[in-house]
Amino acid sequence: MNGEVPASVQAIYDEVLHRNAGETEFHQAVREVLESLAVVLDRHSEYTEMKTVQRICEPERQIIFRVPWQDDRGEVQINRGFRVEFNSALGPYKGGLRFHPSVNLGIVKFLGFEQIFKNALTGMPIGGGKGGSDFDPKGRSDAEIMRFCQSFMTELYRHLGEYTDVPAGDIGVGAREIGYLFGQYKRITNRYESGVLTGKGLGWGGALVRTEATGYGAAFFAEAMMKVRGESFDGKRVVVSGSGNVAVYGIEKVHQLGGTAVACSDSSGYVVDDKGIDLELLKQIKEVERGRIADYAQRRESADFVAGGSIWDVPCDVAMPSATQNELDGDAAAVLAGNGCRYVVEGANMPATPEAVDVFREAGVGFAPGKAANAGGVATSALEMQQNASRDRWTFEHSEARLAEIMRDIHARCHETAEEYGSPGDLVLGANVAGFLQVAEAVHAHGLI
Ligand code: NDP
Ligand code: 2IT
């Protein structure tokens, strides 16, 4: 990754750099995919001829808008909203909305770009998109969140539709926000269009297991990886960064599968709990009270809070980075590998830096990229769309069984594709190539658009 980009894709990469100056996360995501695609272009000259890769690197549409709202003190606030409708070859644009002060166009584009291939890997009919705002929900009242969501949707609604673009949650956007967004969409359009958003409340069109799906899916994916090496979660120590939606349900499934999650974090630091994370307490603090991870250590005798620092210093067998991009760098990767970590499974999008991925490759640590390992969330969103379209409602057991099957299929596809393209065990290459081939075939079939 740190060396040269393969010659056959260098010009494509240069063009992306030139056209998207300063968007470092987007460059990073594109580069990783391009490095995998050199072997594909050798076999498919039609994709070079028709500039298929270049077309996939250019979003179909990028929407940037002003979001004005008033806070509880009456002060006027202005945020910036984004929706990047990246690729609709396989279905309506599909991907989450992120509300976090760090959000900018480059971050939304990296997420949207990853989403194209992730969504292809699910095997469901969904294209790729992503959106969000630099709005910071931390410390905001419910009323402020609602006013922000209403203002955000007042612009975004005209770009959405169950056959056009279907957002969901991501960092800072959960069921509460989806509720306010849906309410405003319904009010403006005068349509009860359930399939326009996913991650809805269970009482009004939401699907069972969508809340749990990303974390559960990542654990199912890890299980499939271990099975190849004749191993399981049984008795394994697991470190999960973050303590949001993905982390909480990743921990829940790890525990159900026989592992023990011993650490988790938020942006203020991490907790270590050698007895295993008490999930009920974690949910109470994070989901009910919307508190901080330090509160967990205060209320649990076996736990210690470490302010700041790196959660990757905690020795483990399995690491599941589930907070944000580039949270696990080369140094942290070396510490993890040195402490005997055998598997790294990305619950977040692009949490491991390219240097970290190199370290894992060299150390023989099994590595699962986010676009494969965290695809359970969006896959279950597609199941929610399916239920909405047919006015149906599936049981928890049925939905979870579908999710588990989808994750096993994604793993198998990545694993087999890596072998077919000469890099056995390289799930990064397998995910990129398998996802790309599915999108590229559809792009090609649709003609020059
Ligand atoms: P949440 O908002 O529920 O939780 C995010 C967690 O990550 C929080 O603990 C938060 O800490 C921490 N975090 C966020 N940003 C930073 C940062 N800059 N530095 C340190 N910690 C940070 O989000 P999700 O759990 O939904 O998302 C987590 C990751 O998973 C993201 O990368 C997202 O893109 C990805 N993902 C999410 C899916 C979903 O369905 N929700 C699906 C697939 C991937 P704090 O509260 O202190 O900010
Ligand atoms: O990154 C992701 O896959 C998500 N945030 C979920 C997207 C979705 O549409 O469910």
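Numbering starts at 1 and runs along the chain as it is shown here.
Heads up, the Cβ atoms here are built off N, Cα and C, so glycines get one too.
Any TrEMBL annotation is an automated prediction that lacks curation.
Among Ser381, Ser390, Ser399, the residue that TrEMBL places alongside Lys94, Gln115, Lys118, Gly169 at the substrate binding site is Ser381. Distance between Cα atoms for Asn245 (NAD(+) binding site) and Asp170 (site 'Important for catalysis'): 9 Å, as a whole number. Closeness to ligand 2 is met by Lys94, Ser381, these being the recorded positions among Lys94, Lys130, Thr214, Asn245, Ser381 whose Cβ falls under 6 Å from the molecule. In the three-state DSSP assignment, the secondary structure recorded for Lys94 (substrate binding site) is strand. In the three-state DSSP scheme, Gly169 (substrate binding site) is classed as coil.
In this structure, the binding-site residues that sit close to ligand 1, with a C-beta under 6 angstroms from any of its atoms, are Asn245, chosen from Gln115, Lys118, Asn245, Ser381.
In this structure, the C-alpha atom of Asp170 (site 'Important for catalysis') lies 9 angstrom from that of Lys130 (active site, proton donor).
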